[in-house]
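Novice: This is the structure I have questions about; it appears just below.
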Amino acid sequence: MSTCCAPGLGSEDAVQIEEGRLRAEEFVRSGRDDGHGLTHYMLTVPSIHCADCIVKLENALTKTPGVCQARVNFSTRRVAVAASAALADPFEIVRTVEKLGYPVLVGTANDNGRDPVLAGLMRALVVAGFGAANVMLLSVSIWAGADHATRALFQLISGLIAVPAVLYAGQPFYRSAYGALRRGQLNMDVPIAIGVLLTLGNSFYEATIGGGETWFEAPVMLIFFLLVGRVLDHVMREKARSGISNLSRIAARGAIRIGADGASSFISVEEIRPGMVLEVAAGERFPVDGVIAAGQASDIDRSLATGESLPVPVRAGDRIEAGALNLSAPVRMEATADAEHSLIQEMMRLMEAAEQGKASYVRLGDRISSIYAPFVHLAAALTFAGWMLTGHSAHAAFSAAVAVLIITCPCALGLAVPVAQVVGAGLLLKRGILVRTGSAFERMAEAKVVVFDKTGTLTLPTLALDQQTGDADLARMASLAARSRHPLSVAIAAEARLRGIVPPEATEVVERPGFGMEGRIGGLPARLGRRDFVQAIAADEDEAGTGDLWFAIGGARATPIRMRAELRPGSEAAMQAFDRARLPRYLLSGDAPEPAAEVGARLGFSPDHVGARVSPAGKAERIAQLEAAEGPVLFVGDGINDAPALGAAHVSITPADASEVGRANADFVFTGRSLTAVSDSLVVSKAVLACVRENMALAIGYNMIAVPLAVIGLVTPLGAAIAMSTSSLIVVGNSLRLRLKLRDEAKVSAPPAAAYRPEVRFG
Amino acid sequence: MNNLLFLIPIALGLGALGLAAFLWAYRSGQFDDLDGDALRILTDEPPPQDKRPR
């Protein structure tokens, strides 16, 4: 193997390793002792992406003292590690992995990585497949003309295979049907369960006593096809779920508490009570609401909490919200609320309230089956009655009714929805978009209005430097900025890298929380930061001009630096796509009116569709109004303050670098930077819904032809088997056509050439 | 007819053997990481030994 690249990690990420105390505690707690002297850990390492990664990780881990076994699961991007329970410092495992350049997520549920539901479905599927193949072989012999004793023998053997196979493999359907009936509802599984069990019973009677036609192949095949749909559906949802959980923050869900005696201890977020003093390292998020303790200062980034785009300095006594990011220095805070009453939880409550106000969505498949199921049973009952009334025996009448049940069994209908959704989810996954639920496609396709958040959604979460700064200045600024994780510094360092500038060496660099960076470049003192802080070393006291940040070096004049929020790439293209689809666009921001209006104007929002300083509850309210006035709303947002709006909207989509609340509750999550993901999701969802409708029409159309034939007793087991397989194949084929259809229409952006790789977010 | 008496059990037995083999392979984790197995075949060096005490 050639050497493969390690995932790109800059020097700023190295800091993460030293600050790992919280994570270390959480990691040690996540270990599962097996009682035989071994502790098992599960690490999620989202940036594993090649064969070399597997080898490197496994070799390095097994060489770590105390580790007995390490096994990478490439599909789930997880590493299972078994270490001696006597290991002194289990966090060395995580450090080993991070030293190789792979960020690790701790705090993942320490299961063994197996999915019991999928395992159950797979067992059922192979049993049904075995049954279907063997019964079909015997049935073909019967149809080919086996007679007398041979025929009776084949029927009996078919029965002996089919009955246990169907009883075992059909369990998911019986359970679901039973559950629905007990609640007094009808779902698609009710006609399936009744049809399958009645057919089976009737055929078993014919094979043993009656000597008539048997229908063993139909129920086994039906269960097999339906299980294929179930497995596909489950795999799709599980893929999205694990993809989303791999996007989680790397930080721990806990805090370092400073006791009255000054000793520090690790506590989980739930254990925090008002009045406790907590230490929050730079680069970590505040776990609860609070105030900065005496003598402390830092800068915080509130963009996820409130939507403000620029970081703000905080000093002793300033209020901070849970979810804000601590940027420049470790600070102590005094908690004013426990986790239950912090801003995030408040948002969760608002979101739940918004969701309750919304009528629960009934999926298309369920809506169809609520009409379909009674129709099927009525048709079968009427057939039975009709045959009895026209003077046939009860036996003949029952056989005809069973034929109706088996021919109407919604085999194609059961595949119509999942196959189309799986194809759609696959198309989106290639473009880095994860779909949480199947019904998300239906709801997305119904959207009539689209509402955007500004900070982090229309704009990138990172800031960009205005282009006026010269290369020489930039080089000197970057040598200070490279040592800080403040978003303004990060922007400067990024711009320098972009222009290919190598910053000169800076010495004695320190970060002054709330003020800026200070150091020496080429022996001269240099400062980067707030105006008053920088001007103290500058030559000119009254430099005119405005800037978000200032820079001065050894007696020269202070230079202002302007920053701007950068629009997400592809935002213009996405806006055009919505205009083409004739969806009115709204912008609701928690930020100040000026930046909101500026971004609105750049992207062609009509000015009366732009709202600034909208409170989180205000967003949800506005969306509810729009739902009432104009129809279903698609909401695109990322922050903690967007959570209520995510709950209120008919369908929602969020970028992967959004807040955890956002990711956990949006219907779609996109991992790329481009906003075309939003319009792509809309186009694909519309195509999926159209395909589902076509599939339903095909399945129902087939029943319209087959049912009358079954009612008058013209359907044979051979006919039923052929009709059922062809209708299923037609539905699957139609769904696969979706891929071609979307490739031909140039509405969807092309998938990136590189394979989809989840991105990791720090902090 | 007499041929059938042993041919059918043989056919079913072979089928059941395949079924059992799949269930065993599934349970022993051979389907857990299909993408990873496709990549592991490319590496020359043997996988690190399990150092678990036995």
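In case you wondered, yes, glycine gets a Cβ from its N, Cα and C as well.
Below are the features listed in TrEMBL for this protein:
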type     : residues  : note
DOMAIN   : A:39-105  : domain 'HMA'
TRANSMEM : A:124-146 : transmembrane segment
TRANSMEM : A:152-170 : transmembrane segment
TRANSMEM : A:190-209 : transmembrane segment
TRANSMEM : A:215-232 : transmembrane segment
TRANSMEM : A:371-390 : transmembrane segment
TRANSMEM : A:396-429 : transmembrane segment
TRANSMEM : A:696-715 : transmembrane segment
Novice: Quick test of the contact rule: Cβ under 8 Å, at least six residues beyond the ends. What residues does that give for the transmembrane segment (A:190-209)?
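Specialist: Residues packing against the transmembrane segment (A:190-209) from afar: 152, 155-156, 158-159, 162-163, 166-167, 170, 173-174, 177-178, 180-181, 215-216, 218-219, 222-223, 226, 369, 372-373, 376-377, 398-399, 402, 405-406, 408-410, 414.
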Novice: Under 8 Å between C-beta atoms and at least six residues away from its ends: which parts of the chain pack against the transmembrane segment (A:152-170)?
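Specialist: Sequence-distant neighbours of the transmembrane segment (A:152-170): 124-125, 127-128, 130-132, 134-135, 138-139, 141-142, 146, 193, 196, 200, 203-204, 206-208, 211, 214, 216-217, 219-220, 223-224, 227.
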Novice: What residues elsewhere in the chain lie close to the transmembrane segment (A:215-232), defined as a C-beta under 8 angstroms and at least 6 residues from its ends?
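Specialist: Non-local partners: 118, 121-122, 124-125, 128-129, 131-132, 135-136, 139, 155, 158-159, 161-162, 165-166, 169-170, 172-173, 192, 195-196, 199-200, 202-203, 207, 402-403, 406, 409, 411, 414-415, 417-419, 422, 717, 720-721, 724-725, 728.
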Novice: Over the domain 'HMA' (A:39-105), what is the model's average pLDDT?
Specialist: 85
